[in-house]
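Participant: For reference, the structure I am asking about is given below.
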């Protein structure tokens, strides 16, 4: 929508860099009288927080979120939204700017350094500025509120691929997701990833990943047939996450190889007298509008660009140099992208929930 | 942005159904003093036009576009844009509503019939309403103008997969694209597709496809680091095309299987004294901002949902029925999606070209 | 919002110049299943139509509106909105371009000619381009639909001042409004205006006016406390009408001279057990949000700039010239602004009605 | 645009209530490499700050603004904007919630209490929530940045009427504006106001006011002919200020009483070879587009609704009560509206400056 805002009725504006005093989000358009708490938001923040295993950056950020506006404390201590903008703020604590000194003028391959300089002619080289993954903390905080907007909605995600290793979907078990450092729903594959990533990490290399997000309890009828398709807005927000290079809904790219008979979801009436889809190739969205089935979205995250291997690059002054990124980084940024992807899907659905209610009453 | 509008400075609003008198687009924000002509727009329209081979619907629509506003005829007959909204209109000519009578209350599997009824409680069953692929004629017309906004930009697309058959990229030849009915850049694969689709067509079945769009001559610096990433807006618009289920930039989902060393594009200074990327895994976009390299986007189109095979479904009244879609349809809607994808990419880039000029002068 | 669009959920995009083949509006976001008809829209169009008395331009435009999309004809012939964009089109019929030849390069004082050239470097001198009052036909058509969006709402306007002559509010009678060519609610003042304007017209001069629009039946709670105040959006849309130089809500500028005791509207409980305001200085809006009382807005229209008196000006080439505007023009454009103002107020309220329903359920 | 955001390319989102921990603004779209400083912003904040004379509220708020993002400190200590969102934050210090306890359920006449409850069903009665004039601190901070966006632009305001007393324009002297507590450009009238307001204050009453804002150095060509008129957006933002009931551009409502000859500004070529307007009835805007002359806007502020006189009202429970607003309030909120109006005008122009550059290069 604008440079740093998304959403139409449920609107989120984020601000802040990795090396300023703080970062945050302003959530505008949240309906009034919804109970929220900082603790509840914090739980989602902690899921994204760095430094929780050897597979994520060792940067230590408590990522404590404060609500600065838009809520009214009730006598029992709960907070109710008031319908006014909710400002969420997270202090930056662990800033080690010195780590970045030697890359001040050097364009790190795969990073936005080069494009930033071209665009703005000025760049906060201390950690990537707005391109830093720290910005995503604000998304997760906003997503925590979005989750409350649609009654009965549940949004959860899992990692389904790291490097060349995909999970075995027949072993999918949501209970496993919190039992390993990868949000992996398949315990056996988690072991494979552990070994694989240890090798990647020791080699100073990095790996890509694919995340799947599933939203259940989404009412049918959300979205619009043309330029406000629900899947379009989900795709837009997932693609807005750092390092994402691809987005799929339902069968995604695999749909290209199917025939019409294989791909279209047949319908029958369920025992409860309600329409029943016999499959969900569509990923819960037909013609841009939710069907009432679970919404299924996937996105691909490229391997972390900060690696300990020397790569050829240039400086801002046009010199050819070799660059090696020191500092603390995730060997696989895809891991921490799981709660971020969930937040984005939740925000897109919350927005369309309000929009649908607006147009259709 | 809104239900039927996209873009921020270069804004396109489309309207019209397949069975009303006409459809069209209003292009707002086009810079003044750009020379355009109806013939030029028509050339792109003709590329999308149905009925040009046995592999596209036999519906006969001349798809003649008229410019109703926003231009000033010069003495030599050329039209110059005036900076005011350009209204483009296309008459609907070949409407056979009778073809649709028997599906009035039957939800065609894979179609938006069911979700439409849930959303609006009313539905123009004569051809899908706004979900009809005819809406894309308006996109192509708008895209023809977008192409003129960015000086030196060229946007072209090709089909790279039909059903399970992918092209051999080593045989990619842009000159082949106009030599076969599939926009296929690989003559050999075109032959495979011809045989494959003849089988599909005769079986009353349908096939999916993958389209690749490449934009060259795009200035570096377009986009924004967070919620107005150039790739995000391209993804959003490609996902807004009917039947699209996946979008990729550069390596896309394949990036997940690469290591950081393999994926990041190294740089050197070119012989012309300008920065040179040694590869383009990024697809021309880093951190949401164009690098100056070709922008590479791909999207997957599901197989046409209208097939001649009987499928299980329900009616609006909750009866279980078997549905077979008669009428004239494309066995592979992906084919005609090529010029549409080009138009969407052109519009996204044009918008960011103006936005960048606005913020950065 | 954008250059040629307004509204957030009820969005209107207009296009077209006075001298192209047609002009129109696209109304996006209208709720589905609302009954409308071309005849109904036409009734409002006719109210704005030129040439109905000697006090409006003698240009003869039937201003017939056609609905091109967004409706579904029912068996009884009525049209129901489908929730998709409603395209409204009006042909331009009576174009006399020759009238404008001699002002091609001459900037008419008070007109947008000079600023247009500065802005765009190109100008459709045949009638003012987008600055032509003909664009307002599209507004009236869109307003006709807006009126149907809010159940029970009635929006009507009247002229309350022409030149120095104000109406006597104690004689306000809505039934008079259609009995004179001025939409004047005070029969006696209408006679004064008639004489005054005859003098103005014969002198080749022109007069300004003030219009008052009153919306009744507007639910309480519409608007927002900060940047989406209902009065703000009404002011914005009234100010967007050609030649408008001032906007007021309720007491307007007169409020500056009142004390707090005089201005604030006291409340009591009504006999119907509902809150009752004892006065309406606020004009139906407090803190940007509707109170349920009638919404009262006024706007001032400057005297028509096209006059038969010679005025000093310059040409596009920088020559000093004397300019006299021939052609057919309204001696008091304020008269025809009544239905336009009504349309703008209706659109603003309809938009906030949907927005409120979206955020607040 | 949205509930708490305004602007299209230069976008401002504000958040915060008078009784939360802080309030602030996020300024998005500011061009990069503009030098700003907290001190500079603070200077404008201090102009709006309460408690500087006996004619403004005795609430003591230091209103210290902090920049939390979007700038890069240079070696010499100056801050340069980076093109990313600028977060501005102001702590709330002097909160006396107890003052508000007895109006928890009582609707203060003239306040938004009643409409808030109707809209949201929940209300932060401690100081008006988002309707509090404290929100305007965030506007002034954002306006300080807007002032830097347009090179050479100067925006300044003055009070021209308090209660029934207007200034004598022949005595207008900008140097006087800082010499009295009223931003009055006419020393003699300032004395009248002082006496008048002392009476008002002692009587526990309040007075309305009219403010005039003049922007000089605004390039010609900013704005758009229809729904993005520069005057429209100025009107919209001025009307969004608390308690504003009317807005005028140039002659404003007085234009209604003029003839076309009197009102239209004639042109000649200046001695510098540039077009010269011989008057500025238009207030610097023709057809919605800036002429290059000073932009002149006025707005009317109603008398403060919080008065010490008992007024009739009702409670949230429907009881009839008498209400007297204790607490600390401005006898004439119009005084402090001067810097707020300046900020709004600066923001509107900055936005159109960037938009024009975007569309027109």
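Cβ coordinates come from backbone N, Cα and C, glycine included.
Remember, TrEMBL labels are computer predictions, not curated facts.
Pasting the feature list from TrEMBL:
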- C:48, C:54: NADP(+) binding site (BINDING)
- C:130, C:131, C:132, C:242, C:243, C:287, C:302, C:303, C:304, C:305, C:306, C:328: FMN binding site (BINDING)
Participant: Sub-8 Å Cβ contact with chain B: please pick out which of the binding-site residues C:48, C:54, C:243, C:302, C:304, C:306 have it.
Facilitator: none
Participant: Using a 10 Å cut-off on CB atoms, tell me which of the binding-site residues C:48, C:54, C:130, C:302 is the least crowded.
Facilitator: C:54
Participant: Quick one: of C:48, C:54, C:132, which binding-site residues have a CB closer than 8 A to some CB in chain D?
Facilitator: none
Participant: Cα distance, residue C:48 (NADP(+) binding site) to residue C:132 (FMN binding site), nearest Å?
Facilitator: 14
Participant: Just the number: how many Å between the Cα atoms of residue C:306 (FMN binding site) and residue C:54 (NADP(+) binding site)?
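Facilitator: Checking the Cα atoms of residue C:306 (FMN binding site) and residue C:54 (NADP(+) binding site) gives a distance of 16 Å.
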Participant: Specify the count of other C-beta atoms within 10 Å of the C-beta of residue C:243 (FMN binding site).
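Facilitator: 24, counting other Cβ atoms within 10 Å of residue C:243 (FMN binding site).
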Participant: Across all the protein chains here, work out how many other Cβ atoms are within 10 Å of the Cβ of residue C:306 (FMN binding site).
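Facilitator: For residue C:306 (FMN binding site), the 10 Å Cβ neighbour count is 26.
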Participant: Going by a 10 angstroms cut-off between Cβ atoms, which of the binding-site residues C:132, C:304 has the sparsest surroundings?
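Facilitator: It is C:132 that, of the binding-site residues C:132, C:304, has the fewest other Cβ atoms within 10 Å.
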Participant: In three-state terms from DSSP, label residue C:302 (FMN binding site) for me.
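Facilitator: The residue in question, residue C:302 (FMN binding site), is coil (DSSP, three-state).
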Participant: How many Å separate the Cα atoms of residue C:48 (NADP(+) binding site) and residue C:130 (FMN binding site)?
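Facilitator: Cα-Cα distance, residue C:48 (NADP(+) binding site) to residue C:130 (FMN binding site): 17 Å.
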Participant: Restricting the comparison to the binding-site residues C:130, C:243, C:304, which residue's C-alpha is spatially nearest the C-alpha of residue C:54 (NADP(+) binding site)?
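Facilitator: Going through C:130, C:243, C:304 one by one, the Cα closest to that of residue C:54 (NADP(+) binding site) is C:304.
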